[in-house]
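*Asks:* Can you keep this structure in mind? I'll have questions shortly.
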């Protein structure tokens, strides 16, 4: 919760500085900021209310006049709501000067920019300096030590966005993510957290969701799943759940949300499959903060894993090169029993 609050405050500070001219900026940051605002994402699509109507001295004075962090957050949040709600744009200000198409174009490009800043997409549209620019931008005070969910690998993040459909759906997803951030800060998702923690363990339908490549079924996964079941664990396993005519994406998403833990079996084939990439992205969104991702390296070492994907967070993993199936399951049972006790 604390890292989200820090991130959100820094993100708001960033939005304010993008919308104004902060006279205290370092020379280096002024250069990067100008480059950001002139980059293809936002070029010619920044609404007048950002470029012209917000003089920094008035904007910051207004923020200070309204009050502290909570009021400032509410103000910016309402601004986002208005951007998303095109029907009320005409009431955004008394002069009714905002153009719906202009704001829609800006919003679309700003979302693309946020996605790229939040991922490892270091080079785009021939902008050779983008790699240096992005690294500089993300290491400035706004995003230093930012939460892990923003350090996502682009192939997972972008695949997830693409899987949800077009611009309208993508905009809705991003809007929902902002709502989640704000609800977390308000504490609505953390009320009586310690009391609800153990209750949630018993509410889920499955103990474990098994994410794996179908290529690994015969030499490891089937035996692994059968032994889990023999130990009395309920397991979400695609061969048991997904039948002909089922929507695979919906079944996977439901399975992840209905499980207490996720076992991810990393292998060479795992990184080649679009479905395992989809699972992987959703698993880390749902489970990482609660330390409920249980990784297994199948015929891989940590060094091998980094070659495939250097963005995977540092979590203790068990390797099939070092442990038998029985030993791996013993470790998993200990981890689950530790949580329940």
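Just so you know, glycine gets a Cβ as well, placed from its N, Cα and C.
This is the feature table in Swiss-Prot:
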{"type": "DOMAIN", "residues": "204-336", "note": "domain 'TIR'"}
{"type": "BINDING", "residues": "213, 214, 243", "note": "NAD(+) binding site"}
{"type": "ACT_SITE", "residues": "279", "note": "active site"}
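Quick one: how deep are these features, and who are their neighbours?
*Replies:* Within 10 Å of the C-beta of residue 213 (NAD(+) binding site) we count 19 further C-beta atoms, all protein chains included.
Taken residue by residue with DSSP, residue 279 (active site) is part of a helix.
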*Asks:* DSSP on residue 214 (NAD(+) binding site), three-state: which is it?
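*Replies:* Helix, per DSSP.
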*Asks:* Let me check the 10 A CB neighbour count of residue 243 (NAD(+) binding site). How many other CB atoms are there?
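*Replies:* Step by step: centre on the Cβ of residue 243 (NAD(+) binding site), count other Cβ atoms within 10 Å, giving 8.
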*Asks:* Taking the residues 213, 214, 243 listed for NAD(+), what is the greatest CA to CA distance in Å, to the nearest whole number?
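*Replies:* That value is 17 Å for the farthest Cα pair.
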*Asks:* Any idea what DSSP makes of residue 243 (NAD(+) binding site), helix, strand or coil?
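*Replies:* DSSP assigns residue 243 (NAD(+) binding site) to coil.
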*Asks:* Can you tell me how far the Cα of residue 243 (NAD(+) binding site) sits from the Cα of residue 279 (active site), in Å?
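*Replies:* That comes out at 18 Å between the alpha carbons.
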*Asks:* What are the helix, strand and coil residue counts for the domain 'TIR' (204-336) according to DSSP?
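*Replies:* For the domain 'TIR' (204-336), the helix, strand and coil counts are 70 helix, 23 strand, 40 coil.
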